[in-house]
Structure formats: structure tokens, C-alpha cells
Amino acid sequence: TKTNMANKALILLAVLCCAQAVFGVAVVSKASWGGRAPRSKVTLGNYLSYAVIHHTAGNYCSTRAACAQELRNIQSYHMDSLGWPDIGYNFLIGGDGAVYEGRGWNVVGAHATNWNSKSIGISFLGNYNYNTATSAMISAAKGILADAVSRGQIVSGYILYGHRQVSATECPGTTLWNEIRNWSNWRA
């Protein structure tokens, strides 16, 4: 009957809405941005105590196409020039406000020496000595961090660091550094 079909459609819609609430931020898959498969992976444990914020110090992008190209460039540099098995970060945030899959969940990154096996690495595409993160980018980063907590990748009381706190670098750039120091999990 039409009523039965309408009820099923409403239930399906409710399930989809709830699934989005449970799973949080939509992540643009590596396949969607044209990324290459990793040569190898090392499993990253759960209930980590740290998240590290970076910037790529490269080009800022504000469209899906421009961000996809920048991601492919970074992945090629990391894999072909540095000899890494994949792009170094777990996730990247584009100027379009999207979260892009890097190494993804439960894979050890190559983003902060001596911190890779105990943190997830999230990098903003661009140079934040000059660029400024938009509110959409900040929301996306906070969203993927919340997802990391909800899926058990990091603990709820995780400590957020800027890359400069764990390595001798100016990363994540001055404007992003000033921004993240206001986030609830950031620690001096």
C-alpha cells in the first residue's frame, strides 16, 4: 500500500539522519580525491592520548578539485621523494571545509617524529603563517576530532598539540597556532 511505502521511506530517512549524527563528519575518501593506495600500513592503536595539528605549508585550496590536486601533489612528494608508504597525515582539512582521508583511521602516520604511534595527525591544507582557517575548516577539524573520540581512536580527555610543541618547527603556522590554543583540549 502507499501508506506502507511512505512509512518505510520515513523509517529509512530517520535511519539515514541518525547514521549521520552517529558517524559525524563526512570524510572525502582517498579514492574520491584520486589518491594512490599505500605501499604498506602499520596499525595505530585505539584510545590514544594525543592529537597533533599541522599545516602542509603549501598551497591553500578552496574547491574540491583544487584540494584534490593539492592532496595528490602532497602524496606524491611523501611517497616518491621522501620514500614514505603513503601521505603522512591521518586526515587533512581543505579550504572548502571538507575533511579528506589521508592514512585514515587506525593507521600510524608520518607527521611528528616520536609521536606517530601515540597520536593522530590532522593537517590543514595551506600555509597558516599567511592563510587563515575559515570557520568551516575549524568546524571540520573539531568534527573529525569528535569522531575520533566517539570511535575510540583517541580518549575523550585527549591532549591537543600544535606540531611546534613536539618538534622544532613553526608548524602549524602562526594563525592556526593562535586558533588552536583556544580549543578545549589544547595544552601548553
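Backbone N, Cα and C atoms are what each Cβ position is placed from, and that goes for glycine too.
The signal peptide annotation in TrEMBL covers 1-24.
Look at TrEMBL and you will find 25-167 tagged as domain 'Peptidoglycan recognition protein family'.
Look at TrEMBL and you will find 37-173 tagged as domain 'N-acetylmuramoyl-L-alanine amidase'. Mean pLDDT of the predicted structure over the domain 'N-acetylmuramoyl-L-alanine amidase' (37-173): 96.
Sequence annotations record features per position, and here TrEMBL assigns disulfide bond to CYS61-CYS67.
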Over all shown protein chains, what is the count of other CB atoms within 10 A of the CB belonging to CYS61 (disulfide bond)? 21
